[in-house]
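J.: Structure provided below as structure tokens; questions to follow.
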């Protein structure tokens, strides 16, 4: 026996040892403690698992699904298909066009499927030759400064870096672009040429759609000739008139529990109640509106300065980035559709893809009510495309309405003229069409299938994270205009934002879903580099962030380069936005020069382009002699083009170059990111 000090004690007395020693008791306590925590931790996990939000099948494949289903070749073979239509889409139009082509394939004995290149192993294109009479079609959009869409980026890089043997692959390409941008359809043109370089066979010449004109007309004209080429190439004939086959079937969801019904979420059910980082296009952040104030001093137009609160969201942005805002349609227009179609907007339904192999099970989050679909998911304010006219024909009970729809759905010169005048020129949306053709009464579920998705709106961020790390600022003009039919059309996003006015602290603040889209519109890495900024109207927005960032650097004691701003508006006393801020930056030396053009303050209109022509020496001094950077933000259709022409002229004259040399000089500036544009049409 040992005492507490470990000294051995001899004893002749025999004692009975206890059944449970102190050590046993200690071990027992430890075991019980471990078991207790293990049990309750497991129970907690089980409980949280049971409370996991119900989600629909997402529009895109999850990482697990991508692993097992990324082979589109296997899907084509297992389902007896020979046509695959890939889309590179940023706003949904290319995806819509792809769906229409795949659907029409049935008329030519080519069962088709739509595929997102981001979800596919595009290296499998080498195996297309194993499928008899196979065809791959690419509907590819170009956006930004000649960039591929997000979902086509990997495919684009694979084509650039790979050297796959694509002999035996038959293909055709349709591009979606905008002629007001310098890099018109650049990605589609590259893909078309690169596929041929790798040995593929072009079945039909590339189609180039211009969104600044009539991209629907461009697409329909190209598509008709495409099928002629397909029939000639494969020796097949059209099977007959296309029937209006539904892609989705209606499912009654009146018995679905309320907690499993979508109410406006973009992807994940209850995502606005249970917010989780990271925030992106499918998981936007529900931001509070911290500030919403008017910038115009007078006049009948409105320009809003809005600040989104991102405190606690972990969201980070850089100066020059864009913020995406998810809008919703006005209740007035939604109610009007219900009234015109005599429909119960609060009925709960779902649309389920009839193609069981498709990864896109629903056209939008389902189940939901018709009111939710028309408010949050469907675009009811844009001009419908011709295929919608075609689908509406069967719902017209009046022969005159039926004939009008048939004419607009046709590809005849008369039909195109009627569509252009009645839909595009008169700016009719689906509500106007149902009003003006009263016998047209489509099933509401079919209309929900036909209408395109409501897209988020992008705004240049007009703040710097160095100065405002907990908020995002935008500068937005309220869009209201009267159409030729004397209807007032309202911008979906700006009119919603105009209603979101912060109240006192005691009441809940208005909110709206947002996420950040990265941009290449960046300040030079060195703060000493001189810059010229050209931004009339709301084109000033990103430059407000640029100036804030340079001002922050100056206050830190860092050297900053020259900052020259060209700004223009109609009248100094009416729409000179951020006037006091700009004058303060001039006074403290952050803004070296502020060139102002007020177009309507004198008899002859004066624009920023006039000022640029007058200041050729200053322009060349910064972009030529000091290797500075030049930035343009605003209208792409006229202003940005005019600026580009002036810059080329200045380089020619002051740099003593030929026109060709000047063009190459400006092109090199663009490649070096010394000439950047953030423009819209």
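Residue numbers in this text run from 1 along the chain shown.
Glycine too: its Cβ is placed from the backbone N, Cα and C atoms.
TrEMBL lists these features:
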| type | residues | note |
| --- | --- | --- |
| TRANSMEM | 20-39 | transmembrane segment |
| DOMAIN | 83-227 | domain 'Flavodoxin-like' |
| BINDING | 89-94, 141-144, 176-185, 211 | FMN binding site |
| DOMAIN | 282-524 | domain 'FAD-binding FR-type' |
| BINDING | 301, 538, 599, 600, 605, 606, 607, 608, 609, 642 | NADP(+) binding site |
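What's the neighbourhood like for these features in this structure?
T.: For residue 184 (FMN binding site), the count of additional Cβ atoms within 10 Å of its Cβ stands at 17 [all protein chains shown].
Summarising the environment of residue 599 (NADP(+) binding site), the number of other Cβ atoms within 10 Å of its Cβ, over all protein chains shown, is 16.
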J.: What is the interatomic distance between the Cα atoms of residue 607 (NADP(+) binding site) and residue 181 (FMN binding site), given in whole Å?
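T.: Residue 607 (NADP(+) binding site) and residue 181 (FMN binding site) have their Cα atoms 21 Å apart.
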J.: For NADP(+), with binders 301, 538, 599, 600, 605, 606, 607, 608, 609, 642, what's the maximum Cα separation in whole Å?
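T.: Binding-site diameter by Cα atoms for NADP(+): 26 Å.
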J.: Compared by Cα position, which of the binding-site residues 301, 599, 605, 609 is the closest one to residue 141 (FMN binding site)?
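T.: That would be 609, nearest by Cα distance.
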J.: Which of 181, 607 (the binding-site residues) has the most other Cβ atoms within 10 Å?
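T.: Compared across 181, 607, the most Cβ atoms within 10 Å surround 181.
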J.: So of all those binding-site residues, 301, 599, 609, which one's Cα sits nearest to residue 184 (FMN binding site)?
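T.: Comparing Cα positions, the closest of these binding-site residues turns out to be 609.
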J.: Would you count the other C-beta atoms found within 10 angstroms of the C-beta of residue 141 (FMN binding site) for me?
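T.: The answer is 30 other Cβ atoms.
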J.: Compile a sequence-ordered list of residues in the same chain as residue 92 (FMN binding site), six or more apart from it, whose Cβ lies below 8 A from its Cβ; state 'none' when nothing qualifies.
T.: 452, 453, 455
J.: For the C-alpha pair, I'd like the distance in angstrom between residue 89 (FMN binding site) and residue 301 (NADP(+) binding site), rounded off.
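T.: Cα to Cα, residue 89 (FMN binding site) and residue 301 (NADP(+) binding site) are separated by 33 Å.
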J.: Just to confirm my parser: what is the rounded mean pLDDT across the domain 'FAD-binding FR-type' (282-524)?
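T.: Averaging the confidence scores along the domain 'FAD-binding FR-type' (282-524) gives 96.
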